[in-house]
Structure formats: structure tokens, C-alpha cells
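Engineer: Per Swiss-Prot, the feature NAD(+) binding site maps to Arg18, Ala19, Ser76, Ser77, Ser78, His79, Tyr97, Ser167. According to Swiss-Prot, the feature phosphoserine maps to Ser154, Ser177, Ser229. For Thr173, the entry in Swiss-Prot reads phosphothreonine. Positions annotated as N6-acetyllysine by Swiss-Prot, on the basis of similarity to another entry: Lys247, Lys252. The annotation Zn(2+) binding site is assigned in Swiss-Prot to His279, Cys280, Cys291, His292.
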Amino acid sequence: MSTEPKRKFGVVVVGVGRAGSVRIRDLKDPHSSAFLNLIGYVSRRELGSLDNVRQISLEDALRSQEVDVAYICTESSSHEDYIRQFLQAGKHVLVEYPMALSFAAAQELWELAAQKGRVLHEEHIELLMEEFEFLKREVAGKELLKGSLRFTASPLEEEKFGFPAFSGISRLTWLVSLFGELSLISATMENRKEDQYMKMTVQLETQNKSPLSWIEEKGPGLKRNRHISIHFKSGSLEEVPNVGVNKNIFLKDQDIFIQKLLGQVSAEDLAAEKKRILHCLELASDIQRLCHRKQ
């Protein structure tokens, strides 16, 4: 990144759970603080000062001339509303994925950001992980025959985090980033609420008609894990080796956001990123529709 801006961008962090706390920590990073000035945080709870960061009301954050940027780090169900409010107030927005729980809402938010001339950045730290870098290298130049990605974890509240195709959109983003735009073939949902168990099974297809399956399985006792199986004409990949610790991935995401604020990301790159994000959200909406139709 080039020289410091004449005035730092004032930032508020909305939501101080795990992601919000990491964002507050990274905003204090010496490199980032050359460009960003942490003004305060917004929370529904009355918490007072946190790590010498003052709590401010949502109304003050929206109204303040000091605030240029909002980081939205709340549960997914509230992302759309917060993004809309801050864009309407003329603020730039960084939001944890997914930005919204429907494709239509995401389209509206992008249009609003364009109307207001503001940066709308959806975080995708999964694309900054060492595992993804390894997969990108393994996939490059090879002809895909078929593949599958299965994710297991403990139960997640759908009311807060959305339908599994949305709460699991980072896995879908991996598949799209590795294999290009995908077509939806089928989607089914097994749901046993009394056992807190769910399994979503999605069949997708690449533009070259190679099949990909994506499974999200959540229930008590299931460990957080990704199971990958990719078959090429030249061989297969059945697991991702331990490729090292994912260091500072939120900070790397913040650096990308700063580059956008400074106008250092090309229009072509911005358009490609927006296209990928909307493609994934459209697939997620279609998957949800198919699963609900079959229940």
C-alpha cells in the first residue's frame, strides 16, 4: 500500500463477539492504524469501554461525521439491515460473510453501494487460508472428473445464521473459486430437530459437466472438519495435508479492504469478486428453495 491518506478512515465495529473482537484487535495493528482510526464499537448490550475502546450508540455511529466505515460483525440474520442503514448514511461497509440471507437482498445492497459511491466488502477469509492455497495449486491445469466437499460441525442456530447453504457459503465459495461457475442439479435436506441433526446434500455441475457434491452435516458430537475428495484424469486428492497455521487472515482481509478504500483495486478485479459473491448467494438461494420445496 502507498502513502498514508491525508485523513484516516474512522471505523466503528458493530458486534463484539469472536469476529468483532478480532477486528478490534486488528484495527490496532500499527500498519492498519496508519489508514484506519478506531472510533468505537456498537453493541446491543451495555458493556462500557472494552480494551480502551468506547461504546457508542447505533444512532451516533450512523450520524457521526467522524465515522467513515462500519465493520458488521453480528449474527448473519442482522447483516442486511445494518449494511442498508450504514450505506444509506454514506458509510463504507465491511461485513462478515454472508452479507445477506437472500440473493435478492444482496443485489439490492450492491446497487445501494453503487448509488452511494461506497465500498461494500464481504469478508472471505477462507480464500486466504493455507489449505485453499494448497488446493489451488493442486487443481491448477488438471482436468476434473468429479469431486466432493463434506463439512461436519456441531449444531448452529438457523434463526441467527441462516439456512445451511448460507451459513456454509465459505465451502461453496471454495468450490466456485476452484472450479468456476456451477449449475445446481439437486438439493435435499434431512432434518431431525429432536436430535439437533441436519444434513444438506447438494449436487452441482461445472461448466464442463463434471459433477461436484457438497454436504453440510451438523449435529451433537460432530467435530468441525472438512472432508475433500477430488478426482482428476491424472490422479486424485483425498485429503488436504497439514499445511501450516493460518496466520493473520482477518488482518489480510482488512488489508484488501484498505486497498479498496484507497482505490487501489482494479475495476476488473472488483467486478470479478462481485460476480463470484453474487453467484454463490444465488446458488445458496436456489438450494434453499429446492430443499424447502421437497420438505
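Cβ coordinates come from backbone N, Cα and C, glycine included.
Distances, neighbours, how buried they are, the whole picture for these features please.
Structural biologist: On its own chain, Ser77 (NAD(+) binding site) has Leu101, Glu159, Lys160, Phe161, Gly162 as residues at least 6 apart in sequence with a Cβ closer than 8 Å to its own Cβ.
Annotation note: Ser154 (phosphoserine) sits in a coil segment as assigned by DSSP. Its Cβ taken as reference, Ser154 (phosphoserine) is surrounded by 12 other Cβ atoms within 10 Å in the chains shown.
Its own atom aside, the Cβ of Thr173 (phosphothreonine) has 22 Cβ atoms within 10 angstroms in the protein chains shown.
Long-range Cβ neighbours of Ser177 (phosphoserine) (same chain, at least 6 residues apart, Cβ-Cβ under 8 Å): Leu127, Phe132, Lys136, Arg276.
The DSSP secondary structure for Ser229 (phosphoserine) is strand. Sequence-distant contacts (6 or more apart, same chain, Cβ under 8 Å) of Ser229 (phosphoserine) comprise Gly147, Ser148, Ser236, Leu237, Glu238.
In the three-state DSSP scheme, Lys247 (N6-acetyllysine) is classed as coil. Counting only residues at least six positions away in the same chain, no Cβ atom sits under 8 Å from the Cβ of Lys247 (N6-acetyllysine).
Long-range Cβ neighbours of Lys252 (N6-acetyllysine) (same chain, at least 6 residues apart, Cβ-Cβ under 8 Å): Ile125, Leu128.
Under 8 Å, Cβ to Cβ, and six or more positions away along its own chain, His292 (Zn(2+) binding site) finds no residue.
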Engineer: Between Ser78 (NAD(+) binding site) and Cys280 (Zn(2+) binding site), how many Å separate their Cα atoms?
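Structural biologist: Ser78 (NAD(+) binding site) to Cys280 (Zn(2+) binding site), Cα-Cα distance: 19 Å.
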Engineer: Fewest neighbouring Cβ atoms within 10 Å: which of the binding-site residues Arg18, His279?
Structural biologist: Arg18
Engineer: Name the residues of the same chain, 6+ apart in sequence, whose Cβ is under 8 Å from the Cβ of His79 (NAD(+) binding site)?
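Structural biologist: Once residues fewer than 6 apart are set aside, His79 (NAD(+) binding site) is near Ile72, Val95, Glu96, Pro98, Met99, Ala100, Leu101.
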Engineer: I need the CA-to-CA distance for His279 (Zn(2+) binding site) versus Thr173 (phosphothreonine), whole Å please.
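Structural biologist: Rounded to a whole number, the Cα-Cα distance is 9 Å.
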Engineer: Within 10 Å of each Cβ, count the other Cβ atoms, then let me know which of the binding-site residues Ala19, Cys280, Cys291 comes out lowest.
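Structural biologist: Candidates: the binding-site residues Ala19, Cys280, Cys291. Fewest Cβ atoms within 10 Å: Ala19.
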